[in-house]
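Comments concern the structure below.
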Amino acid sequence: MEESEATLSVPSGTQTGSQSRAPSVKRREETSDSEKAGRVWARGVDDPWHPCILTLDGGGIRGYSSLLILKALMHEIWEWEKYYDNEANVEFRTDSPTSYEEQDDGVASRGCLGHPERNGSYSEARGANSADPQAIPAATTNNNDTTDKPTREADLLPCHYFDFMYGTSTGGLIAIILGRLRMSVSEGLLLYRKVGDDLFGKRRSRVPLMTKYYHEPLEKAVRDIVSSRCSTHPNCDGNDLHPWETNQNPFDVDQPRVCQTACLTATHDESLSEAHLLRSYPHFYTSTTENWITRYNEGSDPLQIWQVSRATTAAPFYFEMLKAVVGDVDMSFKDGGIRENNPSAAAISEFHSLYEGRANAPALLLSVGTGRPNQTHDGFAAPWPSTVGRIPLVSKFLEKRAVVQNLLIKYTEGEKQHKQTREHAKGEHTWYKRLNVSKGFEHMPLDHWEKGLWKDPDTGREKVVNGGASLTRMEKATEEELNREFNPEIDSYAPPRTMLRQAAQKLVLQRRAREAEGGSRWDVFVGRAAIGGQSTTNGHAG
């Protein structure tokens, strides 16, 4: 019988062994159509109140890199804000806010719009002919969330740009700092450096299988911040609740609200797959919730902010688990990385259940990692250069150790979930983007805190400090990542700087569209009005 054209022929000399092989064609740079789609997406606003979501991986001290990435994001946001303040004098359709000549004074007018046509971003993006407002207020800033216009880049608040922040482990801590406590990234970096030294600078035990560090410094730091920022209760004890409201009425995304947070943790509830979400908002599933949506726990657990910080960061062997009474139930909480170190899947599931029938996709989901893992730890032991490695007993030991190392890597990495989320979004050129340091953290433990030379960003002076070598290493690796070129081995759409710039442009236009719409919804979101009778600083436990 004659062989059909569909039959595959195997070249001679290659017929023994497996025919499987790694892909031979590298990932290409995006086509001009995809590049155009990314630019069009960044400039458009489908609906001002479609959510902007931030997710933050766990990774111990490497979470410092996540904050550095967010600092770079806020810088791009600052540049875009200045660009749109000067929009009447520059070409509107640009891909870089620094492509026009500007005054290098570090100060922006932030909303001082004297001409209606300078507010064209919302109506032009929507393709509508709606009238522009006479003036657009700037996002509020400072610790008390007043309506003063920020005149410094460092005063910009991420909670004025993101609707939801989801975090695991130290990513959860960052979500609390920026979302629930409504702090700036600069304040978050300062706190992270202090807590890092307090936590990892003093070991509790060197005995194997015993917790290595004290958890009390983190608890005290969070309580001190909460009490210092509380404008509602005299002599605040720092025991404010994580949920914004104490009632358990189902959360309505169409009602006035502030930036919400959810920290992923793990509980002993006979569920091995899903994380437990510690939300600042009460969420309940309905009879119409799609079956494919992951059903996490419901409601919002009435835990204090410091308890949630402890619960999400209680990494096994590093810190003791948190034990708390929730309702009438005794519960134990561990680091959420045991379940989902990359919280983007939880964020997408929450989005679809919260916005059912309202939106098909978020305006933006920005996923921020804590560094790609060591790719050599793939569950297989590297061959020893001597004959010792071929001894059966030694070989078995090496293989078992490699499996354990691989499990630890899987526990602290988020790339697998990133690939799944990217497939769900059909790429990174529109609403889903991920920023993650690709090189420099491969052999950096969760608790790496090495004394060394570090440059103080406030004074510009270099000095030897505890953790200085670790901080310098993370700063250098993060800066190199954000400024590198497209790498087909890593990138699926564009280099990090393009992703950062497009995300920032989208966030700025969403914010300005909300300001243009105004009303109680905007007033509550920026902290101009209280929510549920509470200040946007804190909701107290007692």
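Cβ coordinates are placed from backbone N, Cα and C, and glycine is handled just like the others.
TrEMBL labels come from automatic prediction, so no person has curated them.
Note that the coordinates shown come from a computational prediction; the quantities given were computed from them, not determined experimentally.
Pulled from TrEMBL, these are the features on record:
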type     : residues : note
ACT_SITE : S169     : active site, nucleophile
ACT_SITE : D335     : active site, proton acceptor
COMPBIAS : 26-39    : compositional bias 'Basic and acidic residues'
DOMAIN   : 54-348   : domain 'PNPLA'
REGION   : 1-39     : region 'Disordered'
REGION   : 95-151   : region 'Disordered'
MOTIF    : 58-63    : motif 'GXGXXG'
MOTIF    : 167-171  : motif 'GXSXG'
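According to DSSP, the secondary structure content of the motif 'GXGXXG' (58-63) in residues is 4 helix, 0 strand, 2 coil. Here the Cα atom of D335 (active site, proton acceptor) is found 6 Å from that of the residue listed as 'active site, nucleophile'. Secondary structure at S169 (active site, nucleophile), as computed by DSSP, is coil. Taking the domain 'PNPLA' (54-348) as a whole, pLDDT averages 78 in the prediction.
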